[in-house]
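Read through the structure below, which is laid out as structure tokens, and then see the notes.
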Amino acid sequence: MNWNEILFWLLKSGLFFFILITACAYYTLAERKVAGFIQDRKGPNRAGIWGLLQPLADGIKFLTKEEVFPTQVNKIMYLIAPAISMTCAIMAWSVVPLGGRIPLPQWLQDRTGLVFLDLQIANPDTGILFLFAISSLAVYGIIIAGWASNNKYSLLGAIRSTAQMISYELPLSMSVVSIVILTGSLKLTDISASQAGLWNIFKLPGFIAFCLFVVAMFAETNRLPFDLAEAESELVVGFHTEYGAFKFALFFIAEYMNMITMSCVVTLLFFGGYQVPFGILEGHVLQSLFGLFFFLGKVLFFTFLFVWVRWTLPRFRYDQLMSLGWKKLIPWAVLNILIASLYIQF
């Protein structure tokens, strides 16, 4: 790998990070706008035209707030916790493909040695396995935040969140196993390409896996109706209680990054990813560009679904949450692996 290739890769990584941060910023605005619509009010509309500068105002607010350290906290672990959550969210995003390969112009091929531009930072053979392995590490940031805060509300929220994430990682992962059985690959690009003729959602094992995945997805991202870790009426804001300013912003952004990543993953696993429907533009240079637009349209729907569910459904009780995961989702996930195995045989 020469210096031109390294520089090109660094620029692409920086661009993808900028896209993710910008998407998170405007996702917060979109959520507040949708919440306002559902509650029959306008939402943010003071910063810029239609409130479009509200994310910038919020970012400046978080960056300029005074950094306060409560006297009882373990400072080193207290600072490490939000960094772990943010790092895991960024690393999980790095293997998500946004589209197919785009051929580069000749002058750029000569300078970089690359023929195609992959619309993802990395494409390892263990793509989906890497994504869930990194996502599962985020639980360390949460439990460290609760423990280092030396606050009973923070600790209770962290314990709840840890138990919830570990419990729902099982059905989430097992639902993906059935898709891996159907497609025969762990690479997200291969899983998307295998759905060129028929989306996985229209196959029996794929439909069951989709239902399991969506429920577990809400629990994994700590969103309503599974936000037991941040139950305001019981735990103030859970493991966030002692965090403010930029440290809280890292947790906040990581949560929205995870929601966007999960929306991308559910699109890639069940809804054809970036495949252009009906074979339109097959082999054409614009196929990748149109594939990107179709992919983003599906992702926008699932990001909207997160918001819609948040402002529609009430919170589960903790015992209901655990019962649903261990008594309902996990048995169905195990059964679906068997169904997927039989499906490819017959």
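Even glycines carry a Cβ here, placed using N, Cα and C.
Residues or ranges marked as transmembrane segment by Swiss-Prot on the basis of sequence analysis: 6-26, 76-96, 128-148, 166-186, 198-218, 260-280, 289-309, 324-344.
When Cβ-Cβ distances under 8 Å to the transmembrane segment (128-148) are tallied for each of 6-26, 166-186, 198-218, 260-280, 324-344, the top count falls to 166-186.
Only pairs six or more apart in sequence are counted, and the transmembrane segment (166-186) with the transmembrane segment (289-309) gives fewer than three Cβ pairs under 8 Å, not enough to call it a contact. Distant neighbours of the transmembrane segment (198-218): 168-169, 171-172, 174-176, 178-179, 181-183, 224-226, 262, 266, 269-272, 306, 309, 324-325, 329, 332-333, 336, 339-340, 343; these residues of the same chain sit at least 6 beyond its ends, with a Cβ under 8 Å from one of its Cβ atoms.
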